[in-house]
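Enquirer: Pasting the relevant annotations from TrEMBL:
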type	residues	note
BINDING	52, 54, 56, 58, 63	Ca(2+) 1 binding site
BINDING	91, 93, 95, 97, 102	Ca(2+) 2 binding site
DOMAIN	39-74	domain 'EF-hand'
DOMAIN	78-109	domain 'EF-hand'
């Protein structure tokens, strides 16, 4: 399964373009622009599975750095500040990683 089987390639491209400048990434804005916020819980969980590169059941900070590249190869990496902000916004149980339910809550809020 690929991200473009869930989200439109054009919407993904537009969302990535909006956050090309360092420290401009906002997960809320990105997920709205790429269409993730309008997807069903199952589709959001499917996206999570694709983003969970090591299939650990969690998205760790090391995976967050390459978040945009999972959507568009060659996109920039997230800055350390963006990774930490993303993690702190989504990590409700403070275990240092984002689980599928935490990801779903963040997308839907």
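The backbone N, Cα and C atoms fix where each Cβ goes, glycine too.
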Enquirer: Short question: which residues 6 or more past the ends of the domain 'EF-hand' (39-74) have a Cβ under 8 Å from it?
Expert: 1-3, 6-7, 12-13, 15-16, 19, 25, 82-84, 86-87, 96-100, 103-104, 107-108
Enquirer: Report the residues of the chain - excluding 91, 93, 95, 97, 102 - with C-beta within 8 Å of the mean position of the site's C-beta atoms, for the recorded Ca(2+) 2 site, in sequence order.
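Expert: Near the Ca(2+) 2 site, beyond 91, 93, 95, 97, 102, sit 58, 90, 92, 94, 96, 98, 99.
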Enquirer: For a quick check of packing: other C-beta atoms within 10 Å of the C-beta of residue 52 (Ca(2+) 1 binding site), how many?
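Expert: Other Cβ atoms found within 10 Å: 20.
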Enquirer: Can you tell me the CA-to-CA distance separating residue 52 (Ca(2+) 1 binding site) and residue 97 (Ca(2+) 2 binding site), as a whole number of Å?
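Expert: The separation of the Cα atoms works out to 11 Å.
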Enquirer: Neighbour count, 10 Å Cβ-Cβ cut-off, for residue 58 (Ca(2+) 1 binding site): what number do you get?
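Expert: By my count, 18.
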Enquirer: So around the Ca(2+) 1 site, 52, 54, 56, 58, 63 aside, which residues have their CB within 8 A of the centroid of those CB atoms?
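Expert: Neighbours found: 53, 55, 57, 59, 60, 97.
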Enquirer: Sequence gap of 6 or more, C-beta under 8 Å: which same-chain residues meet both conditions with respect to residue 102 (Ca(2+) 2 binding site)?
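Expert: Counting only residues 6 or more apart in sequence, the Cβ neighbours of residue 102 (Ca(2+) 2 binding site) under 8 Å are 90, 91, 92, 93.
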Enquirer: Starting from the Cβ of residue 95 (Ca(2+) 2 binding site), draw a 10 Å sphere and report how many other Cβ atoms land inside it.
Expert: 10
Enquirer: Sort out for me which one of 91, 93 has the most neighbouring CB atoms within 10 A, since those are the binding-site residues we care about.
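Expert: Answer returned by the neighbour count: 91.
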Enquirer: Kindly report the helix/strand/coil residue split of the domain 'EF-hand' (39-74) according to DSSP, in that order.
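Expert: So the domain 'EF-hand' (39-74) is made up of 20 helix, 3 strand, 13 coil.
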